[in-house]
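So the structure is just underneath, and the comments pick up after that.
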Amino acid sequence: MHSLDTYAADKIERLEAASLLRRLKPTQRSAGVVVERDGRKLLSFSCNDYLGLAHHPKVKAAAQAAIETYGAGSGASRLVTGDHPLLSELEARLARLKGAEACVVFGSGYLANTGLIPTFAGKGDIVLLDELAHACIWAGAQLSGARIIPFAHNDTDHLAALLAEHRSSARHAIVATDGVFSMDGDIAPLDWLSAVCEANDAWLLSDDAHGVGVLAQGKGSAALFPEAQIPFQMGTLSKALGSYGGYVCASQAVVDLLKTRARTLVYSTGLPPAAAAAALAALDIVEAEPALTALPLAKARAFTQAVGLPPAASPIVPVIIGEAQDALDASRALEAEGFLVVAIRPPTVPAGAARLRIAFSAEHPDAEIARLAELVRPYVKAR
């Protein structure tokens, strides 16, 4: 019988042989888009802090003040004593931003999706997922016990055909997608998805983790499709808003049920006061500075034009390399030039589609974007 350590070591060896082993690398972000690794300063194009708010003086001051008033942690589940006043204030602000009736805040985006889906789907139901949906959407569907049916990426015809085949035999149906896809940067056709859902009595879930704060003056991807009906608007506080946590915006009835039945809310400690206060301060900035929210996409589009890629739809630009080792080599070559662009490999992306995932911030200097484009252009031409 193999020991536990032998089992782990064997798996690590196989992953390393396939260039798929991942390791943590201590990284210090002191301010802006400059990070330090192994004593060397690099310009990062791998951070999701799209607006640079994680180090904004007003955001940091709000977090510090919240600690002074409420303490470092929430101390308990929200249903016990962890529902500090900042959480209801944050929920009201998020609901207003997303044009929803109500909102509930979770400890993270992952917890939001893995709490949401099992609350509204179970045995006898179906969950149809975009094949490229985020891992936490898949995890939530798996936890639910519902039948999981993937549909081809952004293919509403395929979705409609699957619903025509399976909807009548299911009690309820959820259709789940990213609003902005985290590895490809493209946007879901929420208007068409909504129409298909309405025609087939299905509930649409959109994960807008990478859209809020940077699209439609900060309102996110759903605001690009004002006619779309999206009963579940999920998102995070950890990217453009520079803090931490997740949320679901929905009707009051949906939110009330989540607050009493979502296991990841009921059995998790409430979001710390500092994180909630930081997110509130970030929302103030997003609402007051629409020009700031437009910068990440503008910089991404300047880059795609420079390297000969189609115009970016979001601040995320993938440069497909192919094999995992080749993507690692490309990342190391850019690091040697002073840029941190992390290689994304399977299983995060499909086999043969390892890539450089380039994330643009409002704080990236235009001259450095141009220099990065010069270095990346040969990889684009090679495809």
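Here the Cβ of each residue, glycine as well, is placed from N, Cα and C on the backbone.
Bear in mind that the values here come from a model prediction, so they are computed numbers and not experimental data.
These come from Swiss-Prot:
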type	residues	note
BINDING	ARG22, HIS134, THR348	substrate binding site
BINDING	GLY109, TYR110, SER182, ASP207, ASP208, ALA209, HIS210, THR236, LEU237, SER238, LYS239	pyridoxal 5'-phosphate binding site
MOD_RES	LYS239	N6-(pyridoxal phosphate)lysine
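Positions of Swiss-Prot features highlighted on the structure.
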residue: ARG22; record: substrate binding site; DSSP class: coil
residue: GLY109; record: pyridoxal 5'-phosphate binding site; DSSP class: helix
residue: HIS134; record: substrate binding site; DSSP class: coil
residue: SER182; record: pyridoxal 5'-phosphate binding site; DSSP class: coil
residue: ASP208; record: pyridoxal 5'-phosphate binding site; DSSP class: coil
residue: LEU237; record: pyridoxal 5'-phosphate binding site; DSSP class: coil
residue: THR348; record: substrate binding site; DSSP class: coil
Rounded distance in angstrom between the Cα atoms of SER182 (pyridoxal 5'-phosphate binding site) and HIS134 (substrate binding site): 7
Cα distance (Å, whole number) from THR348 (substrate binding site) to GLY109 (pyridoxal 5'-phosphate binding site): 17
Least buried by Cβ count (within 10 Å) of the binding-site residues HIS134, ASP208: HIS134
Around the Cβ of THR348 (substrate binding site), the count of other Cβ atoms that are within 10 Å: 15
Sparsest-packed among the binding-site residues, when each Cβ's other Cβ atoms within 10 Å are tallied, from ARG22, HIS210, LYS239: ARG22
From binding-site residues ARG22, HIS134, THR348, the one whose Cα lies nearest HIS210 (pyridoxal 5'-phosphate binding site): HIS134
Binding-site residues compared (GLY109, SER182, LEU237) - the one with the fewest other Cβ atoms within 10 Å: SER182
